[in-house]
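According to TrEMBL, the protein has these features:
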| type | residues | note |
| --- | --- | --- |
| TRANSMEM | 32-55 | transmembrane segment |
| TRANSMEM | 61-82 | transmembrane segment |
| TRANSMEM | 148-170 | transmembrane segment |
| TRANSMEM | 182-202 | transmembrane segment |
| TRANSMEM | 245-267 | transmembrane segment |
| TRANSMEM | 288-314 | transmembrane segment |
| TRANSMEM | 334-363 | transmembrane segment |
| TRANSMEM | 383-400 | transmembrane segment |
| TRANSMEM | 406-426 | transmembrane segment |
| TRANSMEM | 447-465 | transmembrane segment |
| TRANSMEM | 471-487 | transmembrane segment |
């Protein structure tokens, strides 16, 4: 069927050399590893652990982080093998196009656009929020928000941060990568400092019971504020099986893993930069594994520190528990200022990587004809300048004028759907194209990729019912666009690329 026509790996690689539609290769292993750390270690490292401890798993949230980290590491191996075979922009979209066909690739590309557009908008928005908080903590009382009416306001902070990195990216990926690396080193330094200080407040008694007894969500103080108690916020698996919303116990470990899984995201964005990496067959796998390894270590250490500082029952009584909350509860209020600074730096680097990643996915889809081909034009510096400006403007407008927080969870399911198809694609490509040179291979094929696929699906069904509803609506919109435009304009449809 034409819906599942595939693009050959050779044609995908050949596209990277097309004049006026190619990117400049100038990123090394360090650049790619710091990119992974930059996007994964954001504000979430200061909050997601405490929320998982309080409302999902208690001290056993440490296991949740280990499970999520192990699954993510398995997915990263699959991304690394694909990147070594197909060193082209587009990440999971391009990988899927060569294995499962155009229609599935379109769905994944559409999901990646959702993931990075929403993530970029949410992160830019909260960069402004945390900037205002930090300024108040150091005694500067100003606001970046203009209240146009009681129901509409404009926040200028997202415009500032998005404009800054858009200009840097227009100057070239290498320059923006250097700035990103400097900020990432500062951010990791702040996180390590907070972890070390946290160990001075370590109490082993707070880790007992390590796996708390299962409780109804309605019985847990703080849960009724919207954490997990409402039906729409209930994990899909519990809803499908008719179980009441619960917290803690073994089920809490897995729902906690579903939440913290997204703390590790970032290595998939690195794969979107394959076309800008030097010797991508080697640098992309190394950059992905090195960056993700550091991220997993940092998050597990933060989970250990937070669990041991304050009893999980006390954290559950807080309306929005975070690492800063834990320090306040032990009397170390000064840490809130340092954490606020760390959050600002953390969000700053995330914005840049998401601007880059979103542009590269749209660039790849445009070059294949699934989106208007004007988006894939590059300038003399090898930068898709027009597209980069359009992406920056779109994210800035959404973040500055809309309440984007309610759509933040859509980032998660879009990413997981891409992970599933990338993992499925590994055994398919091993069988279909054993002749392709692979500088990196996933061990244990086909069993490890299939086990990781099942693990990703388990995480997906532990997402909320509301997340699934929103995802299906977005998916329906994407399918309509595919049949209205992309199917007819595809280069494969016009026989200008090799069809397998």
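Cβ coordinates are placed from backbone N, Cα and C, and glycine is handled just like the others.
Just so you know, TrEMBL annotations are computer predictions that nobody has curated.
With pairs at least 6 apart in sequence, the transmembrane segment (406-426) and the transmembrane segment (471-487) have 3 or more Cβ pairs within the 8 Å limit; the two touch. At the 8 Å Cβ threshold, with sequence separation of at least 6, the transmembrane segment (383-400) lacks contact with the transmembrane segment (406-426), having fewer than 3 such pairs.
When Cβ-Cβ distances below 8 Å are used as the criterion, the transmembrane segment (334-363) is approached by residues 23, 35, 38-39, 41-43, 45-46, 89-91, 93, 109, 112-113, 116-117, 119-120, 123-124, 126-127, 130-131, 133-134, 137-138, 161-162, 165-166, 168-169, 173, 176, 179-180, 183-184, 186-187, 190-191, 193-194, 197, 266, 269, 272-273, 275, 322-324, 327-328, 371, 375-376, 384, 387-388, 391-392, 395 of the same chain, each at least six residues removed from its ends.
Counting only same-chain residues 6+ beyond the ends of the transmembrane segment (148-170), those with a CB under 8 A from a CB of the stretch are 120-121, 124-125, 127-128, 131-132, 176, 179, 347-348, 351-352, 355-356, 359, 383, 385, 388-389, 391-392, 395-396, 399-401.
The transmembrane segment (447-465) shares more Cβ pairs under 8 Å with 61-82 than with any other stretch in the list 61-82, 245-267, 288-314.
For the transmembrane segment (406-426), the neighbouring stretch richest in Cβ pairs under 8 Å, chosen from 61-82, 182-202, 245-267, 288-314, is 61-82.
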